[in-house]
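J.: What follows is a structure written as structure tokens; I'll ask about it next.
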Amino acid sequence: PSRLRRVRPGSKPTLARSFKVEAKGEWLPGLSSPPYLNGSLPGDNGFDPLGLAEDPESLKWYVQAELVNGRWAMLGVVGMLIPEVLTSAGLIDVPKWYDAGKVEYFASSSTLFVIEFILFHYVELRRWQDIKYPGSVNQDPLFKSYSLPPNEVGYPGGIFNPLNFSPSMEAKEKELANGRLAMLAFLGFIV
């Protein structure tokens with residue numbers, strides 16, 4: 001609500017505004033958030049109509065899954081748009097993203113699938129271990145001289161954070177919002 005303040009004689013009146021800020025919004029007006037979603041997680045708006053986050057162990061996995069899928073979606077959307085823009089500008093000559101499967105690669109598609117399956121299987125197992133036992137994968141299993149600093153799960157730091165950004169709640173909120181937007185944008189590209 002806006003209201004005028006009392007002013008002294010000879011001074012100009014000013015308009016004062018006051019705002020009411022709620023600690024946590026509701027995802028649908030009139031519906032309360034479930035008690036297990038208390039706003040402590042970044043991006044938590046109380047949206048869980050299926051009750052998937054009731055189990056704390058499952059919630060840990062879902063949080064990391066959303067983070068990783070959002071990061072992949074952001075890379076995917078940029079990987080679709082930038083080559084198309086650079087090709088139309090005449091700087092590179094690559095096929096459109098939807099024609100990429102028609103290009104001849106150095107190996108057959110089944111060989112590439114097996115290689116990707118093995119590599120992603122390794123990475124996902126390490127990620128699951130880090131979620132289950134935080135910090136357990138900070139030491140490189142092959143090169144013992146390499147290790148990551150102890151950080152929060154999902155935010156490894158070290159070589160993965162060359163500009164040394166701190167994983168503040170605001171930065172996590174922005175990353176999740178951009179990841180969610182990129183997942184929807186990717187879905188829009190496919191449809």
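From the backbone N, Cα and C atoms, a Cβ is placed for every residue, glycine too.
Please treat TrEMBL annotations as automatic predictions, because they have not gone through curation.
Okay, so TrEMBL annotates it like this:
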- E66, K174, E175, N178, R180: chlorophyll a binding site (BINDING)
- R71, L148: chlorophyll b binding site (BINDING)
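Quick one: where do these features end up spatially?
T.: In the three-state DSSP scheme, K174 (chlorophyll a binding site) is classed as helix. Its Cβ placed at the centre, K174 (chlorophyll a binding site) has 13 other Cβ atoms within 10 Å.
Residue density at R71 (chlorophyll b binding site): 15 other Cβ atoms are found within 10 A of its Cβ, drawing on all protein chains shown.
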J.: Between the Cα atoms of N178 (chlorophyll a binding site) and L148 (chlorophyll b binding site), find the distance and write it as a whole number of Å.
T.: 26
J.: Roughly how many Å separate the Cα of K174 (chlorophyll a binding site) from that of R71 (chlorophyll b binding site), to the nearest whole number?
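T.: Counting only the Cα atoms, the answer is 12 Å.
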J.: For the chlorophyll a site given as E66, K174, E175, N178, R180, which other residues of the same chain have their Cβ within 8 Å of the site's Cβ centre?
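T.: The answer, listed by sequence position, is G43, L67, G70, K172, E173, L176, A177, G179, L181, A182.
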J.: Quick one: largest C-alpha distance among E66, K174, E175, N178, R180, binding chlorophyll a per the record, in angstrom?
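T.: 13 Å is the greatest Cα spacing among the residues binding chlorophyll a.
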